[in-house]
Amino acid sequence: MESTEKQKVSMVSLGCSKNLVDAEVMLGLLARQEYEITTDEREADIIIVNTCSFIKEAKQESIDAILDLAERKNDGRCHTLIVSGCLPQRYQEELARELPEVDIFIGTGDYPRIAEILAEKSGTDEQLCYIGDPDFVFDETLPRLNSSPAWFSYLKIGEGCSNRCSYCIIPKLRGPYRSRPLEALVAEAEQLASRGVKELNIISQDITRYGSDMEDGTTLETLLRRLVQIDGIQWIRLLYAYPDGISDALIALIRDEPKICKYLDIPLQHISDPVLKLMRRRSNEQQIRELLAKLRREIPTLALRTSLIVGFPGETMEDFTSLMQFVEQARFDRLGVFCYSREEGTPAATMPDQVSERVKRERHRKLMRIQARLSFKRNRELIGTTEQVIVEGYSEETELLLKGRSSRQAPDIDGQVYITAGTADVGDIVALRITDSSDYDLIGEIQERT
């Protein structure tokens, strides 16, 4: 008699939160087709690796994960290994040749066909590749299996990127920027709120470009004004806001709307005008400094995060010194520093005056030492203040301590708050008095639930 046991699927999603949303859509589609989802790869009949290929380290992490999980086909129940996302979109032929243990490759525009593709695979032993144009735009009618904790989720408001930064391969992998329809986003946010989500993290390659490809005048501000009206949503956080797209209207909305976190992630990449010009960034040093001054003036409690690149081709010691001085002066609450990754197919890859890996690493260390000191000082300034904190469970070190995040901390990238006194349930938002701090984390006591 034919077995009716459901096929089990496990997903490993690598890279950014935007990639995670793609993975969640694939899982939702498979769950709708009655596949059973498991977080244990050892139990899985089908394993999907959703990859990133943005920089060298991300590519290596993806390859390592693929090779590791390929072993499951030898020592476990896995019979189908799928590689999806940016890596196959970029390196289809090379991967198909070098990784015969992979059964299916799926690009960034074809993942919504995951169930159909698996059905096609059941009729052949051949390796299959589905790498089309990256033109898909997710909408709220597709099922999405939220893999984040129940109280927060990412809301991806657009696909692709139309910026042409000289170091970045994303436009080739994801296509031009396409805004999702306003009503579709509101509908998805309402669905998330109905499931208990309290925190929306707004993401795309550049959230300030939202609506620029629409003809009805829709903007990011238009969307935010709708989202704040949704019952149950208490925090709305803005990630990946390009500096040249931050309008006075957006600043005023962040300042005045209680549901919008006093938090802004602005990828600046550098401060030296010669480097910014080589990077093909649209903002110059003066514009960046004026924007930061305005943000600090209009929203004194704003937590600012940025990302910077060191070792870009042509970056001189003078350029790097300017960058160090800028970090000292700007006093970012959070800072990510990346060594420039020479990516084939980008204009920067063929630029002269490439910086050595040794110099890149040294510059990275110097900037991170500066930021650790500044972050410690910024956190010390919060001692004695009261912050809104979402409780996320027990500390990994001891069940005597709860942990959470303040509205000044984004998921996964910004540090945590350790709670030494008071009780609350996971997912509660509480008022917490800060009593101590470290370089990147805060410590405090619950005052009241909100």
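Cβ atoms are placed via backbone N, Cα and C, with glycine included.
For the [4Fe-4S] cluster 1 site, Swiss-Prot lists C16, C52; matching the candidates C86, C129 against that entry yields C86.
Each residue contributes its Cα atom, and for C16 ([4Fe-4S] cluster 1 binding site) and C168 ([4Fe-4S] cluster 2 binding site) those atoms are 15 Å apart. C161 ([4Fe-4S] cluster 2 binding site) falls within neither a helix nor a strand when secondary structure is assigned with DSSP, and so counts as coil. When Cβ neighbours within 10 Å are tallied across all protein chains shown, the highest count among the binding-site residues C16, C86, C161, C165, C168 belongs to C86. Here C52 ([4Fe-4S] cluster 1 binding site) comes close to L14, G15, C16, N19, A58, K59, E61, S62, G85, C86, L87: these same-chain residues lie at least six apart in sequence, with C-beta atoms under 8 angstroms from its C-beta.
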